[in-house]
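Look at TrEMBL and you will find 27-48, 55-81, 87-111, 118-144, 164-184, 211-239, 251-273, 280-299 tagged as transmembrane segment.
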Amino acid sequence: MLGILKGDIASNVSWQYIVMSYRFPQALTALLTGSVLSVCGLMLQAIFRNPLADASILGISSGAGLGVACVMMLFGGGLYIGGLSFGGFAAVFAAALSGALAVTFIMLFLSSVIRNNALLLVAGVMLGYVTSSVVMLLNFFASADGIRAYVQWGMGNFSGVSETMLPLYAAVSMICIVVSSLLVKPLNLMLIGSRYAENLGVNIKRLRTTILLLTGIMTALSTSFCGPIAFIGLAVPHLARLLLRTDDFRFIMPTTILIGALVALLCNFVCVLPSNGGILPLNAVTPFLGVPIILYVISRKSYSL
């Protein structure tokens with residue numbers, strides 16, 4: 001393995017192809033996607049001041065999935081995301097981004113009207129049902145190939161980013177993570193209270209818009225290529241808080257990025273274990289990690305964001 005990564009020409013050619021063209025891009029995609037989804041969850045929980053806020057719970061992932069479904073049905077199932085050219089990548093990403101941002105800004109509007117956090121989560125779930133209904137209608141009129149492609153995509157996997165598209169995927173992911181890290185100071189001030197943060201010069205409206213735009217881009221990026229991956233963005237920020245025993249974003253942000261990458265890599269490892277006889281759906285593995293953490297969080301009466 002090390003010999004292949006070092007470029008040792010004496011290594012087995014078939015193993016070299018498997019590692020460099022499949023396993024390595026898959027592992028790097030898992031690291032990037034885990035970090036991106038975890039940062040999304042962390043910032044959404046902060047902006048909505050709700051420990052259960054997440055792209056999947058709030059319907060943002062469903063919106064991105066609706067955009068991808070529209071493109072897949074348009075191409076009749078002949079669309080293989082991992083083998084797309086730049087133009088194809090742009091089309092899929094634009095469709096996913098449109099759906100994600102539409103749901104995101106609807107949730108932003110609802111958050112200004114609905115003050116109850118539990119009701120806001122219910123509203124997000126309802127939006128998810130609406131987008132799922134539209135997807136069902138698309139499936140009804142789609143070809144068998146289109147339905148098959150969408151179902152396979154919806155199971156979630158980290159092999160959707162090809163070797164040629166990986167640099168672009170990595171660049172966009174890293175830019176979003178770096179920009180998110182620059183918001184640490186205003187996010188810390190938001191912990192004290194919105195009015196206090198405003199008095200210290202934080203533009204709350206601009207901060208919320210920036211965070212929602214970032215989470216929309218990151219959710220669209222990960223969802224369009226890896227499918228609607230659940231629980232990583234929801235559970236990892238809580239895991240970071242439990243480990244550090246602090247809400248300080250100077251420490252929570254980098255820890256969340258690191259844990260998210262490792263958790264996604266671990267889930268990917270479980271999915272591709274040789275004993276499985278194939279690749280398990282990613283969304284069949286992530287709930288075993290996320291559900292216990294979330295149940296622990298909501299069972300703690302003293303828990304606060």
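Cβ atoms are placed via backbone N, Cα and C, with glycine included.
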Intrachain neighbours beyond the transmembrane segment (251-273), with Cβ under 8 angstroms and 6 or more residues off its ends: 26-27, 30-39, 41-42, 157-158, 177, 180-181, 184, 232-233, 235-237, 239-241, 243-244, 279-282, 285-286, 289
Long-range neighbours of the transmembrane segment (27-48), counting only residues six or more past its ends (CB under 8 A): 54-55, 58, 107, 111, 117, 120, 158-161, 166, 169-170, 173-174, 176-177, 180, 183, 187, 190-191, 207-208, 211-212, 214-215, 218-219, 221-222, 225-226, 229, 232-237, 240, 249, 252-253, 256-265, 267-268, 305
Range from 87-111, 118-144, 211-239, 280-299 with most C-beta pairs under 8 A to the transmembrane segment (164-184): 211-239
Outside the transmembrane segment (280-299), six or more residues from its ends: residues with CB under 8 Å to it: 51-52, 154-158, 226-232, 234-235, 238-239, 263, 266-268, 270-272
